[in-house]
Every structure is written in C-alpha cells, then in structure tokens.
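Worksheet: one structure, shown below.
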Amino acid sequence: LRCGMRTTKCQLLVTSLCVMLLGLSVATLSTVTHYGLHFTLISDISLDGNSYRVIHYRAFYFGICLSMTLILAALLSSAATVRESQCLTAMGFFCFALAFCGLIPAACWRYTHSTEVEDSMMDVYDFVYEEVRRNTSSSRRHELTAIHKAFLCCGKHSPFGDTNNVEHQTCPPGQAHNAGQDCLQEIQDFLKKHMDFVFSLLGIAIGFTVYGMILSSFLWFSIHFSSNLDRKGKYILR
C-alpha cells in the first residue's frame, strides 16, 4: 500500500505541474483572444445586433474562470500530496471535477456552434464593406482600412463588380486587389487556425483533469486505508 501510494504521489505531482501549465496557457490564450488586435477590432466595430461581441466577452471570462480552477486544482493536489491530507485531496478532486464540467460543454460548443463565430465576424466585415461602397460614412472607411491592415487582406469578391474604388481607398499601399487576398477567406482561415488551437488545448486539459481525478481519488483511499492500518497493533498502557 505504501509503495502504491508513493507511486501515486509522484504521478499526481507531475500531473499537477502539467495542469498548472495548462491553467497558465488557458489564461494567456484568453487574454490574447480578448485583447488581440484582430478580435478587439471586430468587437469594436460590430453592431448591437451582432452576436460576436457577446461571444467575445463570454469567452474571455470563461477562460479566466477555467484557468483559475485548473491552477487551484493543481495547487491543492500538490499540497495534498506533500501533506497526505484527505481534506486537501478531496478539495483537489472537487476542483478537477469542476474544471471537467466546464471543459466538456466548451468542447461541445466548439462542434455545435462551429460556424457562429466565423459567420458573425464575416458579417461585420460585410456590413462595413457595403457601408464604404455606398459612401454613406467616412468613419467606416477608416474601420475598413484598419481591418485590411490587421488581416493583411484587400477587399472581397463582390457580385456588384464596383469594388475597385473601395479597395484603392482602403487597402494598404502597394497591395492591389489582384495581388491581395480576399478578406472573407483570410478571416475564415485565421479563425479556423485559432479555433483548432483552442480545441487542442481543451482536449489536452480534459485528459489531464480526468487523470487528476483518478489519481486524487486513489490517493484519498490510500491515505484513508493507510491511516487505519497505522492504528492497528498499538496498545495503550494504563
């Protein structure tokens, strides 16, 4: 029993370290997503009826809460391993379970709403582009120029065919439409790479949280039975 508990403690310490790094990675990714140029630019331009701004803020707060839960689970598990405390082990297991309950819906949302973020970002670009094409707002022209600079793209393929004037006014200098990239395609490719990275990080976190729950429960039972065995064979002199 003691040999098995020592092995479990070593494995749990390594798992806690990995979960700690995952928590920091999730916090970093959430911060980059929230304050990154590409995402903040679209969020500031989007209208109230567009769902991107709501998704933008919810993703940030969810990522911060998830990272704090993972870091707390790692700290409690490490302290429980060193001190062999049943209470700390149970608290660490609870934090692992709480993180797992948050990771599963996030991974499911990635599949069920895979195109919602992409469509909302492209809707923002379409709206700004059409506003500039109709020459209804000069402020929209600056916003479209900022999008072109951020995504390194130039215009889009429009069925109206009168886009040359818009692209000459808003595209970066020296980047003609033929040499540039379609912005809708660039936004789609950029977001796909970002979402794939997020999903990979969620998958790794799910695996470590499940492993952490298994090790925490095994350590709890090992401490419980070990303490019961230590009480046997002891006598009290009156």
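Glycine too: its Cβ is placed from the backbone N, Cα and C atoms.
Heads up, TrEMBL stuff is auto-annotated, nobody curated it.
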In TrEMBL, CYS153 is paired in a disulfide bond with which of CYS108, CYS183? CYS183
Cysteine of CYS108, CYS171 paired with CYS154 via disulfide, per TrEMBL: CYS171
Among the ranges 12-35, 88-112, 197-221, the one whose Cβ pairs under 8 Å to the transmembrane segment (55-76) are most numerous: 12-35
